[in-house]
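Asker: What TrEMBL shows for this protein is this:
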type	residues	note
TRANSMEM	37-55	transmembrane segment
TRANSMEM	67-84	transmembrane segment
DOMAIN	137-248	domain 'Palmitoyltransferase DHHC'
TRANSMEM	183-208	transmembrane segment
TRANSMEM	214-238	transmembrane segment
REGION	299-383	region 'Disordered'
COMPBIAS	316-331	compositional bias 'Basic and acidic residues'
COMPBIAS	335-354	compositional bias 'Polar residues'
COMPBIAS	358-367	compositional bias 'Pro residues'
Amino acid sequence: MSAVMVAKKVTRKWEKLPGKNTFCCDGRVMMARQKGVFYLTLFLIVGTCALFFAFECPYLAINLSPAIPVVAVVLFLFVVAMLLRTSFSDPGVLPRALPEEATFIEMEIEAANGNVPAGQRPPPRIRNVQINSQIVKLKYCYTCKIFRPPRASHCSICDNCVERFDHHCPWVGNCVGKRNYRYFYLFTLSLSLLTIFIFSFAIVHVVMRSVDSGFVVVCFFTLWSVVGLTGFHTYLISLNQTTNEDIKGSWSGKNRIQNPYSHRNIMKNCCEVLCGPAYPSVLDRRGLMLERSLHPANPTAAAAQVGKNNNAEPQPTERKAPCPPDEHAPDDANPNVTASTEDVSYNEKSPSPNQETLPPPQDPSPSLPEDNTDAALDKEKVH
């Protein structure tokens, strides 16, 4: 049997993380797998600004003000920085439960639900917590094997539970959650300002030169889409809500449930969302872990031995004919000769291997020698 060698390998934790995310730069960059729309977003921003710098800025800088291209460059760099910060950061992915933790949670749930009769659906796995005098339900995630924290949800595209999940944005190629929502809002806000800036000075250029330009039409349609998205998220921030909660109507007036996360003040809500602390990632993507695997000590020889054993044909075994018994040979030399009757009777009476052999009984009166007996008779005659 060949020897087995234990191979040890040090890897980063991001290489073993479940889900449908992609990592770059040794785990520093985290994105969704669908990155095509993100590249389209980056191309549209860079392409539009490049056309503005090439055809609009030279004329405006000479005839109007040299500060126009400077402001445009600052806005462009800030937009690209916020886009990359939103796309490349961890949105707040929650780690999945370990097998031991999942087993313990399953046992707790079964003990709490009791015995469910056959044919009946088990009760939903929900836990209730109280936040600011409001009952909030914590739902169980069957994929991550955890009870999700308040405001968390499972993203079906990235296959991860995200804390304070807002939505999955294909334009940035990532989920928008607790850790990158402020950068997403700053991206939409700065992009709106950049679009308004380019659209305004494009109109000024057209008016000053009295020429038609299709560039103004492109900026007009881009302006409405980006500004509308920024206005919608400004409304959500003022109420301290998420897009997911707004779509589901979690805190609508029909349910008669007030938002337990709102401070009932627009400024306080905006400060909490935009100026709150920066939360660290709980994934520890670049942490080290030791991975062990079993390998044969000599894989080449082991593979050759396995191939040799598989290719070897089974050889037939030779059987020798029994030799006739020799009449002049003793019985011990011929194993085919049956034992005599005396041997059989002796073997039947002989004790089994499991029984103990006892010595033959002895006479309690010891026998005297013959010389001593004659001497005793002579003494009796004399007397």
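Positions of Cβ are set from backbone N, Cα and C atoms, glycine also.
Just so it is clear, the model here is predicted, and its values are computed rather than measured.
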Asker: Where else in the chain does the transmembrane segment (183-208) make close Cβ contacts, counting only residues six or more beyond its ends and a cut-off under 8 Å?
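Answerer: That would be 45, 48-49, 52, 56, 59-60, 63-64, 68, 71-72, 75-76, 78-79, 82-83, 85-86, 89, 166, 169, 172, 176, 215-216, 219-220, 222-223, 226-227, 229-230, 233-234, 237, 273-274.
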Asker: In the same chain, who gets a Cβ under 8 Å from the transmembrane segment (67-84) while lying at least 6 residues past its ends?
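Answerer: Cβ under 8 Å, 6 or more out: 41-42, 45-46, 49, 52-53, 57, 60-61, 172, 183-184, 186-187, 190-191, 193-194, 197-198, 201.
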Asker: Using DSSP, what is the helix/strand/coil residue split across the domain 'Palmitoyltransferase DHHC' (137-248)?
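Answerer: Reading the DSSP string over the domain 'Palmitoyltransferase DHHC' (137-248) gives 60 helix, 19 strand, 33 coil.
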